[in-house]
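Take a look at the structure below.
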Amino acid sequence: MAIVKSITIVGGGSAGWLTAAIIAAAHKHRVETGSLKITLCESPNIPNIGVGEGTWPTMPNTLQQIGISESEFIQRCDVSFKQGSKFVGWGQDDGQGFYYNPFDLPHGFAEGLSVEYWHHNKLTDSLANVFSAQQSICELNKAPKLITHPEYAHALTYGYHLNAGAFVELLKEHSLNKLGVKHILANVEHVELATNGEISQLQLDNGATLSADLFIDCTGFKRLLIAQALQVDFSPLKSCLFADTALATQVDYASTNDPIKSYTQSTAQTAGWVWDIGLPSRRGVGHVFSSDFQTDDAAEQALVKYIQNTGGQPANCNIRKISFTAGHMKKFWHNNCVAVGLSAGFLEPLEASALVLIELSAAKIAEVLPATTEVMHIAENRFNQTFKYHWQTAVDFLKLHYLMSARTDEFWRENRNSETVSPHLQALLNLWKHSVPKMLDFPAKNELFHAASYQFVLYGHNYKSELLFELPEHEKAYVQQIIQHNKQRIAQLTSALPSNRELINNIKKYGLSRA
Amino acid sequence: MTDKNVQLLDKTVHRTLTIDTTMVDFPENHMNMAMVVVNELSTIVHEYPVFIAKNPQTGQFMLGALLGLKSGQNLFIQDGKWQATYLPLEVLRRPFQAMFDPEKPQEGGRIAIDLNHPQVVKDGQKVFDDKGEATEYLKRIQQTFAALMAGTQQTTEILTQADKMGLIEGININVDLPDGEKAALNGLFAFNQEAISKLSGDDLELAHKSGILQVCHLVLSSGLHLEKLVKWAS
């Protein structure tokens, strides 16, 4: 019997440190009593890509579990509150119109009831306005909480926009000082494999060797362990998701009092879309596009135009090009190695899935961590099963945004070619011709995207589900009550909530309380 | 209600100003909580139930003397008189207030007066004497403001430290009034007795030295005055 008592994480970006912190916090007792040793080995000279400046509403809970103070996080990582995504111009060529996918899960959405009512009554106001307060609050650039709310408590569900570099520094400091993670600064020169195909040890450029019962590959696109050493194959997804290039930059605000958007804005372009993420000190803006349909020059021009149209100074922007292949590893966990972060795979950041997949992966590793190496393969199977499903559903959900569009550029037309759509998504769309997405359509525990998300995207795009049956009177009355209650909630929150900027400034000045 | 007319106090402009210092029944005092600072706490706890609350502008913790069981209710005012021997500094300062000189904000808060305040009367307590010097009354007001300013900062520091150590918790107070009515008090906090009793080592020393323990005991001892309020309310 060989007890699993050491984990080595290779790579010190967002994936490495977030994974280290999550596992160390989940197994705090074992780390403190010395029965589990967690070591993070990172190169002293490889810069972080800093992917992911937008989180999901899972992040507040993750940070709380790790034991980081929200006030400190906000003060140190240039954080603002994010309450969802706003998709602008995705429907038509004229670029007009928008819809929200808010973080709040409205009443009556799991059963599909609210949406059915909305359909039957041909309500003209958006779903996100009729059933959620968040569209109104976001349009007013207001915050999701009050200064009197304790850390991590809220009036409306939120995630964050953050500076990825500063976030890594905070996670690193916290992991080393509070969670007992060990740190080695060295480059891995060689990965030694045992005859059974497991990683036996790493040879470092400082002459030392590093062994562990479980290795976690957080080496980014290099995939040093999972692909280079263990030869696990990569599944490209370019035939479904066409984007392969990002032009990323940072845009200054015109004044330090400019509103901070409390949502990530995604604006459709000829062959892709532009992200716009508001941090307190600057905006992060970038153009994701497909090089098969647009040249770098044309894409850069589109980005420059977007920056100009939104009050920025493109002349001051340093534009960085990132090429990528959408896709993921065929196996994420192989023998005694598991890949987390970019090394596991990459999807365009349309739904900010990078950080949440790291959170989920690390939490899952902590959960299935086997007691002995003999049963490692069970953990491997469970992990792979879960994450194969997560990645598939994430791909389908991204594809849905493109499928629903009526834009006519070649990129968009080709996106609607049925050969580029997975059978799973095709089946769901067939199902929703005469019904609405319901909780039962998404059976997994910890689904990435819930029925509500599908509803917001489908019906944000005016997708017509032709419903065949009327709702009974008592259900109609129930939904009418929900709508009435939401109106009151919007009015109350509109008058009570401060602006995103004001709240951030006050938190920097006074902090949030624990109680 | 008339509009306010707030001016920085000036010995020339306000030479003849006089104040009715006995009047307490006016709109500003119709509140169910008065801010309290640590330097007056040992006196206040003899007559008022004291709780922890949050400053709505900053979210920071503060101490408050509970005056009533619902918003706007001040049970200490009965027949135009304040039913206590000691008044919170926050009440005593009235009708004066602290204000920043818009032209010299760096000089800190200065004393200002609302000339339309009901306490401003024709034949009350003089603020300046005939030579334009501060009267004993104004000197007491000045001391009140000095104590409030020093005390507010100290109170915030102690409570912030207590919160950081996890010693403060939100509480719900539901009061059954004898006439069958129920009153619920929201947004109040108290020291977490269990967490306090578990303090040991460095944390215990820190809690003692920073004044948390002393404040905690005083606040705890004031709880019994809640019964007085319930009695008055019925």
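Placement of Cβ uses the backbone N, Cα and C atoms for every residue, glycine included.
According to TrEMBL:
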type	residues	note
ACT_SITE	A:LYS82	active site
BINDING	A:GLY12, A:GLY13, A:SER14, A:ALA15, A:VAL188, A:LEU342	FAD binding site
BINDING	A:LYS82	7-chloro-L-tryptophan binding site
BINDING	A:GLU351	L-tryptophan binding site
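Nearest in space to the residue listed as 'L-tryptophan binding site', taking C-alpha to C-alpha distance over the binding-site residues A:GLY12, A:SER14, A:ALA15, A:LEU342, is A:LEU342. Under the DSSP three-state reduction, A:ALA15 (FAD binding site) is assigned to helix.
Neighbour counts of Cβ atoms within 10 Å were compared for the recorded positions A:LYS82, A:LEU342, A:GLU351, and the top value is held by A:LYS82. Under DSSP, A:LEU342 (FAD binding site) is assigned to a helix (H, G or I) in the three-state scheme. For the binding-site residues shown (A:ALA15, A:VAL188), fewest C-beta neighbours within 10 angstroms: A:VAL188. Cβ contacts within 10 Å of A:GLY12 (FAD binding site), excluding its own Cβ and spanning all protein chains shown: 25. Around A:GLY13 (FAD binding site), a 10 Å sphere centred on its CB holds 26 further CB atoms from the protein chains shown. Cβ neighbours within 10 Å of A:SER14 (FAD binding site), excluding its own Cβ and spanning all shown chains: 27. For the recorded site, the residue listed as 'active site', the DSSP three-state label reads strand.
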